[in-house]
Each structure stands twice: as structure tokens, then as C-alpha cells.
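Participant: Right, I'll just put the structure down here and ask away after.
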Amino acid sequence: MTQSAFSYVDDVLHAEGVSAASLAEQFGTPLYVYSRSALTEAYHAYADACDGRRAKIHVAVKANSNLAVLNVFARLGAGFDIVSAGELARVLAAGGKAENTVFSGVGKTAAEMREALDAGVKCFNVESIPELHALNEVAKAAGKKAPVSLRVNPDVDAKTHPYISTGLKSNKFGVAFADARATYAQAGAMSNLDVIGIDCHIGSQITEISPYLDAVDKLLDLVEQIEADGAQIRHVDVGGGLGITYDDETPPDIGDFVRTLLAHVEKRGHGQREVYFEPGRSLVGNAGVLLTRVEYLKPGEEKNFVIVDAAMNDLARPAMYEAFHRIVPVVKRAAQAHVYDVVGPVCESGDWLGRDRELAVEPGDLLAICSAGAYGFVMSSNYNTRPRAAEVMVDHERARLVREREEVKQLFAGESILPE
Ligand SMILES: *Cc1c(COP(=O)(O)O)cnc(C)c1O
């Protein structure tokens with residue numbers, strides 16, 4: 001296992017001190033299981049490397065927004081990175097603070113801006129000139145000044161999947177590098193904006209440091225120009241995107257990554273600035289698994305299938321990005337293994353969770369889909385009128401239900417039929 005909090009004890013997979021088989025028994029399947037110690041350990045890897053430095057960690061809420069998960073981070077002193085008013089509400093409900101929260105996203109509505117302004121978020125990461133105008137208007141109406149950073153697109157190749165690469169010219173994100181200086185000048189002239197920072201986010205599941213160093217270099221070049229124009233940039237936000245090991249990837253160690261970046265900023269003579277990190281996946285990805293039960297084995301001429309009770313609506317990443325997730329038995333069997341595609345019951349050929357996997361399984365067995373803590377539950381849907389899975393957090397020997405399994409009747413509770 002690449003997930004330290006999940007390991008076998010006498011051939012039974014455990015989450016910390018709790019058997020995964022007993023969790024499935026108690027809470028049913030499909031079931032998301034998170035480890036508090038894994039969340040804590042990953043956060044500490046960032047925080048320890050930032051210790052004594054002018055650096056802040058803002059947890060990217062969109063990777064896993066369960067209140068219990070956010071609360072673990074809030075208690076550890078984390079800030080948050082949100083992309084909607086909904087996520088702001090979650091942060092506040094989980095004990096996070098607006099003044100430690102930055103608001104990212106390419107399409108913030110005026111209503112969302114107003115909510116975030118009233119709550120007192122630390123910074124709006126703005127992505128376009130029209131958005132600057134909109135925020136300036138909202139702030140004027142509220143009689144406030146909105147703290148602003150511009151998300152600049154540094155046009156570096158993060159060498160990741162096209163759907164999760166965000167720092168290239170062809171992406172919808174950020175202000176084009178060539179336009180950034182002029183955009184800062186415009187922002188600086190708006191009466192109800194307070195320009196305080198610069199940010200970027202170059203992609204996700206990045207397994208090398210070099211694209212970050214390239215991006216930081218371009219950002220700092222720009223900062224020097226902008227300040228020559230009279231602005232004052234207090235913080236440099238390098239975004240998130242650090243990768244994790246799903247299979248055999250070898251991303252940099254979190255502490256090394258943070259220290260290398262901070263050292264680079266210092267070497268460039270910008271050590272007085274605060275550096276913000278916005279990690280999502282690297283905090284939560286390997287802190288979670290998805291447990292599922294085998295319904296049927298279906299041998300075929302070309303392919304053998306294991307049909308399980310989890311599906312693309314529960315974990316969309318394989319269908320969406322052809323993402324690889326390790327799939328392991330919850331109880332190891334000493335039987336002959338066969339090669340299977342692991343698929344769900346949803347009526348789509350894209351509904352697969354793993355391809356060509358060697359497994360020794362029987363109907364009724366439990367499987368764990370690994371590295372499912374990031375972009376797992378948060379991307380789940382009710383497609384095929386499937387209730388969303390329950391979520392459990394394990395803390396040493398204890399397991400707590402942190403989200404109830406949905407019931408079918410909830411799924412159409414807001415619907416109605418025509419009166420005649
Ligand atoms: C998605 C996102 C993140 C987090 O990305 P990870 O790959 O999960 O670390 C951080 N910042 C912004 C602006 C994002 O959109």
C-alpha cells in the first residue's frame with residue numbers, strides 16, 4: 001500500500017486500528033473511509049516546512065469538502081482556498097475562519113462576491129478584467145475595499161493530464177502573462193479594490209518541482225515590474241497541484257517541495273513576501289479509500305469483469321480522466337488470481353474503476369479502491385438515481401460516521417409532477 005494509514009493486519013486491511021471489513025459491515029458499501037492521522041500527517045508535512053517562514057497553507061476545499069475533514073485542518077490552524085459561496089459556508093460550518101480563506105475561481109457571481117466580502121475573506125483571486133470590474137462594483141455597493149490578487153497564467157507546462165493542466169495559454173484560467181502588467185495597472189486604479197497579491201495554479205497531480213520554479217520565476221519577474229509601476233505585492237500564492245502516488249509515480253516529498261520553493265523565493269530576493277500554498281490532493285488523496293462489495297463475477301471471451309456496488313457516480317476519476325486507482329482486497333484470499341476489469345452497475349461503458357487487474361475474488365468479497373480521498377466523494381453524483389455513499393473518519397481505534405448514506409427518497413424530494 002502507498003497509504004501509510006491503511007495496512008494489512010493478519011491479511012485484513014485496516015484503517016489505522018480499525019478493520020475495513022468491520023467498517024463495511026457496520027456502515028455498508030460503497031463507503032468512503034478517511035484516516036485522521038493521514039490527514040494530520042500530510043498537513044504537518046506542509047506546516048513543519050513552513051515553520052518560522054513567512055508562509056501560509058490554504059487547504060483547497062474542492063478536493064474534499066466533508067465538514068469533518070475540513071475541521072481536522074481547521075483545528076491544525078489551516079487556512080482554506082474556496083471556489084464557491086457553498087465552499088465558504090462549509091469552511092465556516094467546519095470551524096474555519098473567513099479571514100484565513102482565499103476565494104479562487106474563474107466565474108464568481110456578484111452574489112458570491114458579496115457573501116465573501118461580508119464574511120471578510122482574506123483575498124479574492126481574480127481571473128479577468130470583467131471580474132475586477134464586477135468585484136469593484138460589489139465592494140462599492142457594500143462600502144468596502146475588496147482585497148485582490150490576480151491569478152496570472154504563467155504559461156508553463158505542468159506535464160500532467162490535459163484536463164488538470166491549468167497554466168498553459170490555451171486554458172480558460174487566469175490573466176494571460178503578457179496582459180498581467182496592464183491588468184494590475186487597471187486594478188490599481190479601481191477605487192474599491194486593494195491589490196495585495198499575485199497567484200497562479202498551474203495544474204494538478206504535478207510530480208516535478210521544475211514547473212513550479214519556472215512559474216515562480218515568471219511571477220516574481222512580474223512582481224518586480226508591477227512594483228516599479230507603484231503597486232505593493234504582499235504575498236505570492238503558488239497555488240496547489242502537488243501530485244501523489246497512485247501507482248508508481250514519484251512526486252517530490254511535501255517538505256522538500258515547500259523548502260525548495262521557499263528557498264527559491266528567497267534566493268530571488270523576495271524573502272520578505274508571504275508565500276501561500278493551496279494544496280488539495282496532496283493533503284487528502286492518500287488519506288482515503290473507497291470500500292466496495294463484489295456483486296458478480298462475469299467471465300467473457302475477451303474480458304473478465306468484476307461487477308462491484310460502487311460506480312462512476314461514486315468515483316468519477318477513472319471515467320473522467322482515465323485515472324488509475326490501485327484496487328486491493330479487504331481480506332486477502334489464498335486463491336488463484338485472474339485478470340479482471342472492475343466495473344460498476346451504471347449503464348455506461350465508461351463506468352469502470354480499474355482495468356486489467358489481477359485479483360483473487362469471489363462474489364460478496366470486499367475491495368478497497370485506494371487513493372480515493374481527493375476528488376472522490378466531492379465529484380460523486382446521483383446518476384442512475386444512486387444515493388451517494390456514506391463517509392467515515394477513523395481516529396485510532398474509533399470510527400465515526402461523518403456523512404450519512406443518502407436515501408432514495410431524498411433524491412427526488414424536491415421534485416414534483418404536473419397537477420393535470
Ligand atoms: C484545484 C485547485 C487547487 C488544488 O489543487 P490540487 O491539485 O488538489 O492540489 C488549488 N488552487 C486552485 C486555484 C485550484 O483550482
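Including glycine, each Cβ sits where the backbone N, Cα and C put it.
Pulled from TrEMBL, these are the listed features:
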ACT_SITE  CYS347  active site, proton donor
BINDING   GLY241, GLU278, PRO279, GLY280, ARG281, TYR375  pyridoxal 5'-phosphate binding site
BINDING   ARG281, ARG317, TYR321, GLU348, TYR375  substrate binding site
DOMAIN    32-373  domain 'Orn/DAP/Arg decarboxylase 2 C-terminal'
MOD_RES   LYS62  N6-(pyridoxal phosphate)lysine
Participant: Taking only the residues in the domain 'Orn/DAP/Arg decarboxylase 2 C-terminal' (32-373), give me the average pLDDT of this model.
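Facilitator: Summing pLDDT over the domain 'Orn/DAP/Arg decarboxylase 2 C-terminal' (32-373) and dividing by its length gives 96.
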Participant: Determine the minimum-neighbour residue: among LYS62, GLY241, ARG281, listed as recorded positions, which Cβ has the fewest other Cβ atoms within 10 angstroms?
Facilitator: LYS62
Participant: Which chain-mates of GLY280 (pyridoxal 5'-phosphate binding site) that are at least 6 residues away have a CB under 8 A from its CB, listed by sequence?
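Facilitator: The list for GLY280 (pyridoxal 5'-phosphate binding site) reads VAL59, ALA60, VAL61, LYS62, ALA63, ASN64, ASP81, SER204, GLY240, ALA374, TYR375, given in order along the sequence.
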Participant: Using a Cβ cut-off of under 6 Å to any atom of ligand 1, determine which of the recorded positions GLU278, ARG281, TYR321, CYS347 qualify.
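Facilitator: Checking each Cβ against ligand 1, the ones under 6 Å are GLU278, ARG281.
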Participant: Any idea what the Cα distance is from GLY241 (pyridoxal 5'-phosphate binding site) over to ARG317 (substrate binding site), rounded to a whole Å?
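Facilitator: With distance taken Cα to Cα, ARG317 (substrate binding site) is 16 Å from GLY241 (pyridoxal 5'-phosphate binding site).
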Participant: Reported as an integer number of Å, what is the Cα distance between ARG317 (substrate binding site) and ARG281 (pyridoxal 5'-phosphate binding site)?
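Facilitator: Roughly 13 Å, rounded to the nearest whole number.
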Participant: Counting every protein chain present, what is the number of Cβ atoms, excluding its own, within 10 Å of the Cβ of TYR375 (pyridoxal 5'-phosphate binding site)?
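Facilitator: A 10 Å sphere around the Cβ of TYR375 (pyridoxal 5'-phosphate binding site) contains 24 other Cβ atoms.
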Participant: Write out the long-range same-chain contacts of CYS347 (active site, proton donor), meaning residues 6 or more apart in sequence whose Cβ is under 8 Å from its Cβ.
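Facilitator: Sequence-distant Cβ neighbours: ASN384.
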Participant: For GLU348 (substrate binding site), just count the other CB atoms lying within 10 A of its CB, please.
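Facilitator: Cβ-Cβ neighbours of GLU348 (substrate binding site) within 10 Å number 14.
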Participant: Using the alpha carbons only, what distance in Å do you get between TYR321 (substrate binding site) and ARG281 (pyridoxal 5'-phosphate binding site) once rounded?
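Facilitator: Here the two Cα atoms lie 15 Å apart.
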Participant: For the C-alpha pair, I'd like the distance in angstrom between ARG281 (pyridoxal 5'-phosphate binding site) and GLU348 (substrate binding site), rounded off.
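Facilitator: Roughly 27 Å, rounded to the nearest whole number.
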Participant: Round to a whole number and give the Cα-to-Cα distance in Å for the pair GLU278 (pyridoxal 5'-phosphate binding site) and GLU348 (substrate binding site).
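Facilitator: Pair distance, Cα basis, whole Å: 34 Å.
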Participant: According to DSSP, which kind of secondary structure is the residue listed as 'N6-(pyridoxal phosphate)lysine' found in, if we only use helix, strand and coil?
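Facilitator: Assignment for the residue listed as 'N6-(pyridoxal phosphate)lysine' reads helix.
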